[in-house]
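Structure record follows, encoded as structure tokens.
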Amino acid sequence: MTAASLVIAIDGPAASGKGTLARRLADYYHLPHLDTGLTYRAVAHMLLTKGWPLGDAPHAVEAARLVDLGSLDRDVLSVHAVGEAASKIAVIPEVRRILVDKQRAFAAQVSGAVLDGRDIGTVVCPDATVKLYVTASAEVRARRRLAEIEARDGTGDFATILADIARRDERDMGRADSPLRPAADAHLLDTSEMDIETAFIAARTIIDGIVAAASES
Ligand SMILES: Nc1ncnc2c1ncn2[C@@H]1O[C@H](COP(=O)(O)OP(=O)(O)O)[C@@H](O)[C@H]1O
Ligand SMILES: Nc1ccn([C@@H]2O[C@H](COP(=O)(O)OP(=O)(O)O)[C@@H](O)[C@H]2O)c(=O)n1
């Protein structure tokens, strides 16, 4: 195996640190990175902007077709309310089908790629070279999200954020189409007691081990 075929799939619940890890790994291995959550957020944002209900499947499908991976604006889409809305439109199978096609095209680049989301190891890239399932306790995740919100606009309530995270976990893990769960061959990384650097080193150790074993075989 060569670095050119390295596809790293990272899944996990909200605020587990998968995006941070994905960006660090993409930088380290010189791979393009796609935060697939932004694609669901882009659909939700379009519906919210137009004032269409989040359960309006035909409009959500139309919005999904318009998603352009090259113009996903993280600053606009990372707002807490858009994440909440994204998990509501993410239950619509036709929306998932359209976005998964775009995500697979991204993963198929000759350079390889890093993708993070909820169903990368199970649905989008079932043949990924390495699959990581990043978790942390709901309390730790809520604390991280609160710190993030406070750093951005200075206001946030821990109990509300914890309840939002619990609701989002339930929706993401309980939906019929592509629920959040670790792929059978995913490596679990519980970052509850790891800082960002420690999680990055742990992930690299797993990836380098898999790449080395594959190049020997
Ligand atoms: N291991 C970690 N320790 C402490 N904070 C972390 C860790 N990983 C991520 N964070 C912080 O937690 C927040 C959520 O991380 P993020 O990568 O956006 O999560 P996700 O992509 O899973 O939603 C960010 O503010 C990030 O800086
Ligand atoms: N591959 C993916 C990525 C996100 N999503 C949905 O999109 C929502 C927002 O994803 P995100 O990754 O941006 O959310 P955070 O983990 O950053 O809070 C999730 O709660 C999921 O419902 C999905 O269904 N499948």
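Cβ coordinates come from backbone N, Cα and C, glycine included.
What TrEMBL annotates here:
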| type | residues | note |
| --- | --- | --- |
| DOMAIN | 8-197 | domain 'Cytidylate kinase' |
| BINDING | Gly12, Pro13, Ala14, Ala15, Ser16, Gly17, Lys18, Gly19, Thr20 | ATP binding site |
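Averaged over the domain 'Cytidylate kinase' (8-197), the predicted model has a pLDDT of 96. When the binding-site residues Ser16, Thr20 are compared by the number of other CB atoms within 10 angstroms of each CB, Thr20 has the fewest. Summary of the ATP site environment: with the site residues Gly12, Pro13, Ala14, Ala15, Ser16, Gly17, Lys18, Gly19, Thr20 set aside, the chain residues having Cβ atoms within 8 Å of the Cβ mean position are Leu21, Asp116, Val134, Ala136, Arg141.
DSSP assigns Ala14 (ATP binding site) to coil in the three-state reduction, outside any helix or strand. With a 10 A radius on its CB, Lys18 (ATP binding site) counts 27 other CB atoms from all the protein chains. Within the same chain, residues at least 6 positions away in sequence whose Cβ sits under 8 Å from that of Ala14 (ATP binding site) are Gly83, Arg141, Arg145, Ile165, Arg168, Asp169, Asp172.
Filtering Gly12, Ser16, Lys18, Thr20 by Cβ distance to ligand 2 (under 6 A) retains none of these binding-site residues. Of all Cβ atoms in the shown protein chains, 29 besides its own fall within 10 Å of the Cβ of Gly12 (ATP binding site).
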